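A.B. asks: Have a look at this one.
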Amino acid sequence: MEHRVIYVLVLVCALTLSSLAQGQQETCTVAPHHRDNCGSPGITPSQCKDKGCCFDNTVRGVPWCYYPVAVDNPPEEECPF
């Protein structure tokens, strides 16, 4: 009986975490001074994107290959009908 309770608790926690993760998306719209470096100097745009990162070389003195940031999805509106 104890194993079933533990199993149910683990299942509930896993489902809760997965639903929270689905509520977020990532964006490459990051202020240049807030970028967290994701690559080494000289990384190409394709190498950067292969790592799952963003590439923007339009601003000097900041990382060109950087991690995207998570943004919350707006809550879905319920259909009134």
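First residue shown is number 1, and so on along the chain.
Placement of Cβ uses the backbone N, Cα and C atoms for every residue, glycine included.
Straight from Swiss-Prot, here's the annotation block:
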type	residues	note
DISULFID	C28-C54	disulfide bond
DISULFID	C38-C53	disulfide bond
DISULFID	C48-C65	disulfide bond
DOMAIN	26-69	domain 'P-type'
SIGNAL	1-23	signal peptide
A.B. asks: Please compute the mean pLDDT of the model over the domain 'P-type' (26-69).
C.D. replies: 96
A.B. asks: Could you tally the C-beta atoms, other than its own, that fall within 10 angstroms of the C-beta of C53 (disulfide bond)?
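C.D. replies: That number is 23.
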A.B. asks: Go through the chain and flag residues at least 6 beyond the ends of the domain 'P-type' (26-69) whose CB is under 8 A from any CB in it; none is fine as an answer.
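C.D. replies: Same-chain contacts beyond the flanks: none.
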A.B. asks: Please tell me which one of the disulfide-bonded residues listed here (C28, C48, C54, C65) sits closest to C38 (disulfide bond), measuring Cα to Cα?
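C.D. replies: Among C28, C48, C54, C65, C65.
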A.B. asks: Counting across all protein chains shown, how many other Cβ atoms sit within 10 Å of the Cβ of C54 (disulfide bond)?
C.D. replies: 22
A.B. asks: If you draw a 10 Å sphere on the Cβ of C38 (disulfide bond), how many other Cβ atoms land inside?
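C.D. replies: So the Cβ neighbour count for C38 (disulfide bond) comes to 18.
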A.B. asks: Between C28, C48, C65, which of the disulfide-bonded residues has the fewest other CB atoms within 10 angstroms in the structure shown?
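C.D. replies: With the disulfide-bonded residues C28, C48, C65, fewest surrounding Cβ atoms within 10 Å: C28.
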A.B. asks: Looking at the disulfide-bonded residues C48, C53, C65, which has the shortest Cα distance to C28 (disulfide bond)?
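C.D. replies: Ranked by Cα distance from C28 (disulfide bond), first place goes to C53.
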A.B. asks: Round to a whole number and give the Cα-to-Cα distance in Å for the pair C48 (disulfide bond) and C54 (disulfide bond).
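C.D. replies: Cα-Cα distance, C48 (disulfide bond) to C54 (disulfide bond): 7 Å.
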A.B. asks: Using DSSP, break the domain 'P-type' (26-69) down into helix, strand and coil residues and give each count.
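C.D. replies: Secondary-structure composition of the domain 'P-type' (26-69): 9 helix, 8 strand, 27 coil.
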A.B. asks: Quick check for the class: what is the C-alpha distance, in angstrom and rounded, between C53 (disulfide bond) and C65 (disulfide bond)?
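C.D. replies: Rounded to the nearest whole number, the Cα-Cα distance is 6 Å.
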